[in-house]
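Under the heading region 'Enoyl-CoA hydratase/isomerase', Swiss-Prot lists 1-189. Annotated site 'Important for catalytic activity' per Swiss-Prot: Glu119, Glu139, in sequence order, evidence recorded as sequence analysis. For Asp296, Asn500, Tyr660, the entry in Swiss-Prot reads substrate binding site. Look at Swiss-Prot and you will find 311-729 tagged as region '3-hydroxyacyl-CoA dehydrogenase'. Feature annotation from Swiss-Prot assigns NAD(+) binding site to Met324, Asp343, Val400, Val401, Glu402, Lys407, Ser429, Asn453; the stated evidence is sequence analysis. According to Swiss-Prot, the active site, for 3-hydroxyacyl-CoA dehydrogenase activity annotation covers His450. Annotation comment: Swiss-Prot describes 708-729 as region 'Disordered'.
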Amino acid sequence: MLYKGDTLYLDWLEDGIAELVFDAPGSVNKLDTATVASLGEAIGVLEQQSDLKGLLLRSNKAAFIVGADITEFLSLFLVPEEQLSQWLHFANSVFNRLEDLPVPTIAAVNGYALGGGCECVLATDYRLATPDLRIGLPETKLGIMPGFGGSVRMPRMLGADSALEIIAAGKDVGADQALKIGLVDGVVKAEKLVEGAMAILRQAINGDLDWKAKRQPKLEPLKLSKIEAAMSFTIAKGMVAQTAGKHYPAPITAVKTIEAAARFGREEALNLENKSFVPLAHTNEARALVGIFLNDQYVKGKAKKLTKDVETPKQAAVLGTGIMGGGIAYQSAWKDVPVVMKDINDKSLTLGMTEAAKLLNKQLERGKIDGLKLAGVISTIHPTLDYAGFDRVDVVVEAVVENPKVKKAVLAETEQKVRPDTVLASNTSTIPISELANALERPENFCGMHFFNPVHRMPLVEIIRGEKSSDETIAKVVAWASKMGKTPIVVNDCPGFFVNRVLFPYFAGFSQLLRDGADFRKIDKVMEKQFGWPMGPAYLLDVVGIDTAHHAQAVMAAGFPQRMQKDYRDAIDALFNANRFGQKNGLGFWRYKEDSKGKPKKEEDAAVDDLLAEVSQPKRDFSEEEIIARMMIPMVNEVVRCLEEGIIATPAEADMALVYGLGFPPFHGGAFRWLDTLGSAKYLDMAQQYQHLGPLYEVPEGLRNKARHNEPYYPPVEPARPVGDLKTA
């Protein structure tokens with residue numbers, strides 16, 4: 001044994017050839033700060049071996065290196081800029097020394113090589129991969145950019161266009177694509193990986209392969225003519241501006257850095273990468289996006305822990321087969337859980353099957369599946385007008401009309417047709433689960449399972465625990481939701497549960513702004529362009545359906561009369577009474593016409609202004625700051641109340657529900673992350689300016705206490721140790 005660290009070791013394989021093996025405790029390898037330091041020590045040992053002829057890098061895990069240890073990021077990002085820059089220089093010196101070894105090097109890459117894992121193998125001369133490879137640089141999705149030389153080596157290896165596509169979008173690619181663009185040199189079966197890598201290494205040692213020529217381009221300026229450079233970088237900057245926008249500085253920073261570094265050799269190019277990385281790491285956007293990643297891991301880990309002792313449902317059923325029911329059936333069948341789809345008439349069944357078939361055909365058109373797979377999936381969806389097959393199902397989700405009497409009747413009838421251990425769930429969006437449970441003989445087998453539309457796109461499923469829902473019931477539906485590829489978050493019961501409960505105060509803030517003379521077009525523009533929502537409140541109401549919102553608003557007002565009962569006729573009332581229901585009938589805040597792809601396209605409609613004039617004061621202008629404050633304060637206050645009341649368990653789950661269920665701007669990280677970034681004291685000062693607007697603007701006492709003590713909702717993060725302690729030399 002030449003060297004043994006906590007996460008890697010170095011040993012001789014055969015005469016003159018050494019292997020460096022990543023083998024961290026636990027299930028995966030991560031390139032954390034300790035591993036970078038250990039890698040530097042191992043390379044130091046290699047540099048002393050006069051008889052070294054070649055080096056093989058490999059992993060003892062199912063994946064090569066899954067990336068950096070993102071749990072370290074928030075503390076690293078708090079390190080002062082100069083110290084963070086020093087540590088990056090040290091880390092890059094390690095990879096440079098790997099790249100500069102006076103012998104050929106090869107990485108045998110299995111499974112994932114992402115982020116720092118990808119940057120590590122870019123420093124070797126050759127890369128041989130297994131068919132299950134996923135390799136790439138996802139850093140821009142975390143609000144940063146590659147910091148271990150990825151923005152320097154990848155463009156010089158692949159050419160600017162291919163590298164920019166991966167780096168700016170934070171993409172990873174599979175084995176075939178990696179081979180095609182030159183990111184790996186070959187793909188072999190897993191059992192042949194080391195043997196194949198050794199064969200390449202021997203050819204390089206024997207002079208049959210020119211490893212020095214392979215290495216040289218990574219040390220030099222990027223080989224691009226002025227015209228080629230102008231075209232590549234101009235197109236890339238345009239694409240990034242269009243897709244990422246101003247709220248996500250990392251992608252455009254990465255492109256500009258690669259452009260600036262193009263004319264330099266490795267050392268100066270790495271300095272430019274360092275100078276770009278460090279300021280990005282200190283942005284609120286990076287903290288928010290890293291926070292989302294960590295919250296996502298936490299939520300998924302919680303679901304995994306919850307379901308460890310239950311069997312995932314093997315057969316499901318859906319009651320009510322409109323667009324929503326068809327979407328749920330498709331998602332279940334697509335993820336290998338056969339589903340019975342029941343309705344009371346053929347027309348609805350046809351609509352549900354058509355929705356499922358449409359979604360499968362889209363997969364076919366995109367080349368994700370072939371005709372055989374399509375036929376196989378569709379054959380596992382069984383439409384029926386009766387309860388045939390219900391005696392075999394493990395879980396049933398009801399998705400009928402949002403009417404408590406209808407839902408109770410359907411659920412009570414279904415309970416008599418299923419096994420005693422079958423779980424029933426309702427896809428209600430607002431009706432309390434404990435109220436629906438009153439119609440059942442086995443309320444312990446019943447809970448809420450709130451999917452979001454469109455089902456195939458929206459990652460969140462709210463799992464609602466009623467007063468009598470058993471732990472096993474909750475675990476079973478969490479297991480089914482996870483199997484469907486969704487992110488389940490368990491909440492406690494109340495009108496609207498969590499997501500709709502906090503959404504309707506936001507809509508109430510919108511209604512009050514319109515009542516006070518604001519223009520809905522400006523509100524939408526501010527909330528989209530400035531705050532960052534995917535759609536403004538008027539457009540969102542049109543998509544949700546004005547009639548749906550009108551009904552849900554009444555349910556919420558009955559549930560929380562002190563805050564959500566309004567004493568005036570608002571814009572939603574006016575549009576509802578005028579039969580303007582949004583996209584579903586082509587008339588809402590906007591008029592809708594189908595574009596060439598059959599999608600609704602919004603257009604101005606002067607008739608709306610006349611309708612709104614009946615329920616509004618004369619038009620007046622509001623500042624962007626006032627619009628954002630008046631829209632967001634009611635939502636954030638309600639989010640805090642939900643945490644204080646135990647409707648949602650943690651700030652992490654609340655923020656993920658908002659991001660995954662409502663499209664809360666990821667660069668803000670969710671309501672609690674936004675609140676922490678703003679500061680509770682500053683938020684309180686802002687909210688108190690608007691408390692005259694009514695109870696929705698009254699800050700909860702718990703938040704007032706946070707403001708008094710200047711406490712955050714997320715646990716404070718300590719800066720990483722001084723860089724000297726991180727072994728920088």
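Quick reminder: no glycine exception, Cβ is built from N, Cα and C everywhere.
Mapped onto this structure are the features recorded in Swiss-Prot.
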residue	record	Cβ within 10 Å
Glu139	site 'Important for catalytic activity'	30
Asp296	substrate binding site	17
Asp343	NAD(+) binding site	22
Val400	NAD(+) binding site	22
Val401	NAD(+) binding site	10
Glu402	NAD(+) binding site	17
Ser429	NAD(+) binding site	23
His450	active site, for 3-hydroxyacyl-CoA dehydrogenase activity	25
Asn453	NAD(+) binding site	15
Tyr660	substrate binding site	24
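Each of the recorded positions Glu119, Met324 was scored by other CB atoms within 10 A of its CB, and the lowest score goes to Met324. Cα distances from Met324 (NAD(+) binding site) to the recorded positions Glu119, Asp296, His450, Asn500, Tyr660 are smallest for His450.
Separating the Cα atoms of Lys407 (NAD(+) binding site) and the residue listed as 'active site, for 3-hydroxyacyl-CoA dehydrogenase activity' is a whole-number distance of 14 Å.
Here the Cα atom of Val400 (NAD(+) binding site) is found 43 Å from that of Glu139 (site 'Important for catalytic activity'). Of all Cβ atoms in the protein chains displayed, 23 besides its own lie within 10 Å of the Cβ of Lys407 (NAD(+) binding site). Between Glu139 (site 'Important for catalytic activity') and Asp296 (substrate binding site), the C-alpha separation comes to 16 Å.
Listed in sequence order, Ser429, Thr430, Ala552, Met556 are the same-chain residues six or more apart from Asn500 (substrate binding site) with CB atoms under 8 A from its CB. The shortest Cα-Cα distance from Asp296 (substrate binding site) to any of the recorded positions (Glu119, Asp343, Val401, Glu402, Asn453) is found for Asn453.
Under DSSP, Ser429 (NAD(+) binding site) is assigned to coil, being neither helix nor strand in the three-state scheme. Looking at Glu402 (NAD(+) binding site) and Glu119 (site 'Important for catalytic activity'), their Cα atoms lie 52 Å from each other.
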